[in-house]
Amino acid sequence: MFSILKKLFGTANDRTVKKLFSEITKINSLEPAIKILSDAALKNKTVEFKEKLKNGATLDDILYEAFAVVREAASRVCGMRHFDVQLIGGLILHRGMIAEMRTGEGKTLVATLPAYLNALTGKGVHVVTVNDYLAIRDSASMGKIYNFLGLSVGCIVAGMTDEAKRIAYNSDITHATNNELGFDYLRDNMKYSMQERVLRPFNFAIIDEVDSILIDEARTPIVISGPVNDNSALYGKIDKIIRLLNDSDFEKDEKLKTINLTEVGITNIESLLIKDGIIKPDTGLYDFENLNLVHYVNQALRAHHMFTVDVDYLVREGKVMIIDEFTGRVMEGRRYSEGLHQALEAKENVKIQNENQTLASITFQNYFRNYHKLSGMTGTSMTEASELKDIYNLDVVAVPTHNKVTRIDLDDEIYGSKQEKYDAILKLIRDCYNRGQPILVGTISIEKSEELSSILNKEKIPHNVLNAKFHEQEAFIIAQAGRFKAVTIATNMAGRGTDIMLGGNPEMLIEQLNKDRNYVAKTAEIKAQIAEEKQKVIETGGLFVIGTERHESRRIDNQLRGRSGRQGDPGKTQFFLSLDDDLMRIFASDRISGVLRTLGLKNGEAIHHPMISRSLEKAQQKVEAHNYEMRKNLLRFDDVMNDQRKIIYEQRTEIIKSKDSYGFLNSTTEELARKIVLTFMPLGSYREDWDIDNLTVELHRIFSIKFDHNLVHKNDVTEEDITKLVIQMAHDIYKSKEEAYSSELMNNAVKYILLTTLDQVWKDHLYSLDHLRQGISLRAYAQKDPLSEYKREAFNLFEQMLNNLKELFIQTVYHFHIDLRHLQKEDISLEHKKLQKNMCESREDPAFSKYNAGNSIETYLKPVVLRVDPKDRKPDDPMSWGRVSRNELCPCGSGKKYKYCHGAN
């Protein structure tokens with residue numbers, strides 16, 4: 001019944017596309033008038049559009065004409081004219097939706113339409129890609145169109161200076177990677193002035209490969225962190241013990257990806273820990289004094305039995321590097337959290353880095369929800385349409401192809417064992433190679449790609465291997481995978497974003513000839529050669545894509561298939577499976593094994609059965625649902641932190657922007673004074689119950705007030721009188737500092753103290769939340785909802801953090817005993833910059849800042865200690881010396897140079 005209705009009325013997607021096609025006629029009707037414009041007149045359209053917007057027009061009012069202008073500019077500058085289906089893609093993106101467009105349909109060119117239109121507002125547009133290569137490539141190629149029309153273009157890649165980034169972000173259109181955008185957002189919110197920040201307020205983002213960024217990478221938050229205590233020796237000791245365990249000591253569940261010690265395992269590991277002197281005799285692993293070791297043992301177990309080298313990570317140049325399970329790429333700068341990375345380093349016998357403490361973090365889910373408008377493009381997102389709608393409120397619209405898809409998708413072939421499967425794959429590769437048909441073989445891991453490469457080497461079949469180990473050549477290798485007789489092995493979607501053209505990619509080959517004297521002649525030669533090769537490849541049947549396993553996600557399988565048959569080219573795809581494959585073994589083996597027994601499968605024989613295909617699809621749906629739940633759960637927890645993060649970041653920005661810090665100081669002083677007085681002189685209490693001694697101590701600790709006991713003994717004095725007196729005394733202390741150093745200088749110093757104190761308590765709060773998060777799931781055993789418990793406790797911790805902020809801030813301000821008479825305003829600004837430089841530029845990679853996680857507020861205040869007049873220095877009081885040059889005589893009077901005396905330490 002449903003299928004009949006679909007045929008009659010079409011799907012919701014069909015109806016949306018039909019509506020959009022009616023708008024395309026309006027754009028096309030403007031083409032003749034736009035086409036006859038001179039270059040100068042065409043460029044001037046940008047000025048006209050901006051003027052219209054200034055006078056109250058909306059983007060939708062100028063949409064059709066703007067799209068027609070971009071189409072004509074692209075035709076003149078790049079020789080590429082937007083097809084009607086590309087205009088549809090542009091409309092979808094402008095309206096804040098996701099355009100699903102097949103591989104080779106020109107998504108990069110599509111983005112120019114909404115990017116140009118939305119950049120006319122002057123608020124900036126971010127075009128987001130998955131790696132630096134694509135960001136550089138797209139900004140260079142599409143930037144010609146924007147520049148022709150008078151718009152500026154920027155490109156953000158790793159390693160740029162803040163000044164260069166600031167210029168790029170202030171461009172009308174900025175191409176950047178998702179990682180750099182996220183890290184720059186976090187870094188900006190660790191800076192000390194608005195001038196040092198690089199990002200503008202969020203406006204509009206167009207995400208290329210949107211499924212990869214918003215779904216595949218959503219489970220991994222981006223983190224700026226700093227090292228904490230060095231526990232590398234303990235990781236090494238635990239690793240040696242874990243190696244001695246056998247299979248009966250633990251049980252693992254591959255479906256749930258969990259591993260736990262058995263009772264026997266606990267007994268064995270306790271005896272080994274006692275033997276090595278790690279725990280005391282007669283104590284157990286789960287005794288209170290040893291509970292911290294459970295974490296190390298669990299992570300070492302996971303490292304050895306749940307993570308596989310060249311599948312989940314690789315070892316390069318003495319470092320453990322994470323492999324993205326979806327793309328096969330190395331995730332530069334990423335480290336597993338909670339000690340897992342250290343456990344892997346111990347397992348692989350490489351240098352163990354310190355554990356990290358989070359200084360700032362955010363998930364891509366919450367980062368991209370900051371944008372006023374968000375849209376994206378991908379070749380495959382319909383399978384995740386509900387998730388994109390639920391989490392990001394993004395609708396997915398499938399755009400028709402410009403040319404009909406002629407690719408043939410063959411049925412899966414299922415074999416009894418991995419060896420039989422490889423034999424069948426080898427036979428097909430040999431057949432294709434002999435007739436010259438290019439082949440792309442997709443694997444799910446580096447390990448599998450190297451295994452297959454080894455088989456082809458033995459058979460003397462020339463081929464290229466594309467995986468995380470060779471990512472530098474990624475774009476070039478994948479671009480030439482469509483050449484005559486080419487055999488390419490690629491992990492998953494490595495090289496995604498680069499088209500595979502039949503006969504080869506002329507632009508990539510020409511790029512290598514830039515420095516050749518015979519550049520022009522060779523360019524023509526290459527184009528002719530590729531045109532000839534393309535015809536030969538078409539005659540062989542086009543690109544043949546072979547999948548060696550089904551991925552957990554149907555979308556990844558579809559992406560692999562989509563490599564073949566671009567823009568109406570011929571091609572074939574086929575998956576080869578075996579009962580040894582992870583997906584089959586873990587999720588579908590029982591059901592499929594029963595079918596195979598019924599059919600009586602013989603050695604080396606393949607089967608094609610609808611029930612097996614259905615079973616595989618159900619298994620994939622099950623895994624997809626599980627992964628979706630994980631991402632949704634991560635978001636639920638991160639939303640708690642995100643609410644707090646927004647408050648802190650907004651507060652921090654207000655502090656930086658404010659010209660007067662006295663308001664916050666004044667209100668906080670009054671609040672703390674009232675709180676302290678009422679603590680030791682409770683309302684309604686008798687005078688003899690007042691704790692004046694401790695009140696005196698506390699007032700000196702917080703405000704540096706020397707409180708006179710006799711003031712309390714006056715007749716008729718009340719708690720309110722004492723509170724007012726304390727507030728006045730605190731104000732007098734501040735006023736005396738202001739008179740000594742100038743109000744402007746004190747205002748800058750107070751702002752600096754407030755910012756550094758806020759950073760300190762926020763960092764400590766994140767540490768507390770990390771610990772709370774790690775153990776919160778155990779509340780489920782007490783019939784409590786972990787999320788509700790996390791929300792409640794996180795709120796309590798946040799309140800506690802705000803109280804700590806106020807106390808630490810006030811205490812630091814009122815205990816200023818530094819001689820600031822010679823301190824200039826620009827000196828504080830300079831010290832801000834130095835501190836920020838140390839925070840951001842000393843990191844090893846974007847996710848691992850060496851910003852000292854252990855610094856106290858006193859450490860942060862060191863930069864304020866600058867020049868002091870030598871005659872004001874007291875020999876027996878180093879605090880009065882201020883900054884001393886290393887080659888000056890030491891102020892203590894020893895006669896030695898400062899660097900050899902008190903400065904030696």
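We number each residue from 1, going along the chain as drawn.
Even glycines carry a Cβ here, placed using N, Cα and C.
Taken from Swiss-Prot as is:
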BINDING   Gln86, Gly104, Glu105, Gly106, Lys107, Thr108, Asp499  ATP binding site
BINDING   Cys890, Cys892, Cys901, His902  Zn(2+) binding site
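Structure coloured by features recorded in Swiss-Prot.
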residue: Gln86; record: ATP binding site; Cβ contacts under 8 Å, 6 or more apart: Glu105, Gly106, Leu109, Val110, Leu113, His402
residue: Gly104; record: ATP binding site; Cβ contacts under 8 Å, 6 or more apart: Asp499, Arg566, Gln567, Asp569
residue: Lys107; record: ATP binding site; Cβ contacts under 8 Å, 6 or more apart: Gly89, Ala99, Met101, Asp208, Met377, Thr378, Gly379
residue: Thr108; record: ATP binding site; Cβ contacts under 8 Å, 6 or more apart: Asp138, Ser141, Met142, Asp208
residue: Cys901; record: Zn(2+) binding site; Cβ contacts under 8 Å, 6 or more apart: Cys890, Cys892, Ser894
> Around Asp499 (ATP binding site), how many other CB atoms lie within 10 A of its CB?
Replying inline: 20
> For Glu105 (ATP binding site), what is the tally of other C-beta atoms lying within 10 angstroms of its C-beta?
Replying inline: 25
> Hey, what's the Cβ neighbour count for His902 (Zn(2+) binding site) at 10 Å?
Replying inline: 15
> Looking only at Cβ atoms, how many others are within 10 Å of the one on Cys892 (Zn(2+) binding site)?
Replying inline: 17
> Just counting, how many other CB atoms are there within 10 A of the CB of Cys890 (Zn(2+) binding site)?
Replying inline: 20
> In the same chain, which residues outside the set Gln86, Gly104, Glu105, Gly106, Lys107, Thr108, Asp499 have their CB within 8 A of the centroid of the CB atoms that define the ATP site?
Replying inline: Met101, Thr103, Leu109, Val110
>> So the record assigns Gln86, Gly104, Glu105, Gly106, Lys107, Thr108, Asp499 to ATP. If I measure every Cα pair among those residues, what is the longest distance in angstrom, as a whole number?
In response: 17
